[in-house]
Amino acid sequence: MAMTLFQHVRQRHTPELAALITAIADGAATIERRIRTAGLDDILGAAGSENVQGEAQQKLDVLADNTLIEVLKALPSVAAVVSEEDEEPVIFEGRPNAKFIAIFDPLDGSSNIDVNVNVGTIVSIQALKPGVSVREAILQPGTEQIAALYVNYGPSTILVYTAGNGVHAFTLAEGEFLLSSEDMKMPEQGPYYSMNEGNIGESQLVYGKAISRFRDGTLVGGKKYSSRYVGSFIADFHRTLLKGGVFLYPPTKKAPNGKLRLLYEANPLSFIAEQAGGAASNGRYRILEIVPTEPHVRTPLIIGSQSEVAAIGGLISISPRE
Ligand code: AHG
Ligand code: MN
Ligand code: MN
């Protein structure tokens, strides 16, 4: 039988980190089971509440959030969790030896739940070092992450993680995540750009220029690009990890700091991108070096193969600030 996720992490890291990543994977397997038959269990559609982002919560957002909080609360090594779905961090009191903070987007791609398109779970793990408060530990830059993972609930359910020693993928089979790809590398350059082109008129002109130059092949390596956009970040990123290219969510009038959240979308997937030989920036700076001001802060995001991320960054650096 292929290596299990626990065996893989335990061979390289501490028992507590292996137990933490495995517990998150168990939570993801529970979420996956609910997604598989969502249409039969009246858990599709809106929950009738709003989250801190001012977005209507889907029933599955709330279910996934509760599932992850439960599995993490059961681990004494976890001091607190931060979730897209909860305004304030959930602090587990009376844990003097706790080592980790788990920061997550329990269900990414909520707009795709009801139409049976891939959705995911994204988790960033930060360390709680002695003498540092939980709040300070939450607001560390992405360079400090201990580990990052996402689960892509699709035709296969695939968990991809890094703990600083490469990117590895596991496929869910009978409730167990089994090793399916080891030490994954993102192609240097890819065939795709991925952006919600409905926002082109809303973003700075430089992004429209970048897209038109992807289309006519004058931006990177003389190749004409194809467009792919799923609308679930984990699905657009997973394709970019495997095939190369670039995903971008620039600032828009509606989201002047970008739509994606730094702590539980951009940071974990930027850590994975860099570990696979890719790159991630906000247009001017490396995502992982941004120091967060608050847990739900948003960021513009350009993430993918080195060539494309650099090319867009280069265009921005010579473009007048609008
Ligand atoms: P979430 O469902 O966790 O709120 O995330 C949705 C995000 C991300 O998954 C995706 O890339 C982006 O929203 C799509 O935004 P648009 O619909 O504006 O393109
Ligand atoms: Mn999301
Ligand atoms: Mn979400």
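Just so it is clear, glycine is given a Cβ too, placed from its N, Cα and C backbone atoms.
Sequence annotations record features per position, and here TrEMBL assigns Mg(2+) 1 binding site to E84, D105, L107. Residues or ranges marked as Mg(2+) 2 binding site by TrEMBL: D105, D108, E265. For D108, G109, S110, S111, N196, Y229, K259, the entry in TrEMBL reads substrate binding site. Summarising the annotation, TrEMBL assigns domain 'Fructose-1-6-bisphosphatase class I N-terminal' to 10-181. If you look up TrEMBL, you'll see 186-312 marked as domain 'Fructose-1-6-bisphosphatase class 1 C-terminal'.
Taken residue by residue with DSSP, E84 (Mg(2+) 1 binding site) is part of neither helix nor strand, so it is coil.
Taking only the Cα positions, the spacing between S110 (substrate binding site) and E265 (Mg(2+) 2 binding site) is 13 angstrom.
N196 (substrate binding site) sits 17 Å from E265 (Mg(2+) 2 binding site), taking the CA atoms of both as reference points.
When the binding-site residues E84, Y229, K259 are compared by Cα distance to D108 (Mg(2+) 2 binding site), the shortest distance belongs to E84. A Cα-Cα distance of 7 Å separates D105 (Mg(2+) 1 binding site) from E265 (Mg(2+) 2 binding site).
Here the C-alpha separation of Y229 (substrate binding site) and E84 (Mg(2+) 1 binding site) works out to 22 Å. Counting in whole angstrom, L107 (Mg(2+) 1 binding site) lies 11 from E265 (Mg(2+) 2 binding site) by their C-alpha atoms.
According to DSSP, the domain 'Fructose-1-6-bisphosphatase class 1 C-terminal' (186-312) comprises 52 helix, 19 strand, 56 coil. Between the C-alpha atoms of K259 (substrate binding site) and E265 (Mg(2+) 2 binding site), the distance comes to 10 Å. Under the three-state DSSP scheme, D108 (Mg(2+) 2 binding site) falls in the strand class. Taking a Cβ distance under 6 Å to any atom of ligand 3 as the criterion, the binding-site residues S111, N196, K259, E265 reduce to none. Screening the binding-site residues D108, Y229, E265 for a C-beta under 6 A from any atom of ligand 2 leaves D108, E265.
A distance of 16 Å separates the Cα atom of S111 (substrate binding site) from that of E265 (Mg(2+) 2 binding site). Around E84 (Mg(2+) 1 binding site), the same-chain residues at least 6 positions away in sequence with a Cβ under 8 Å from its Cβ are N51, V52, Q53, D65, F104, D105, P106, R261, Y264, H296. Taking a Cβ distance under 6 Å to any atom of ligand 1 as the criterion, the binding-site residues D105, N196, Y229, E265 reduce to D105, N196.
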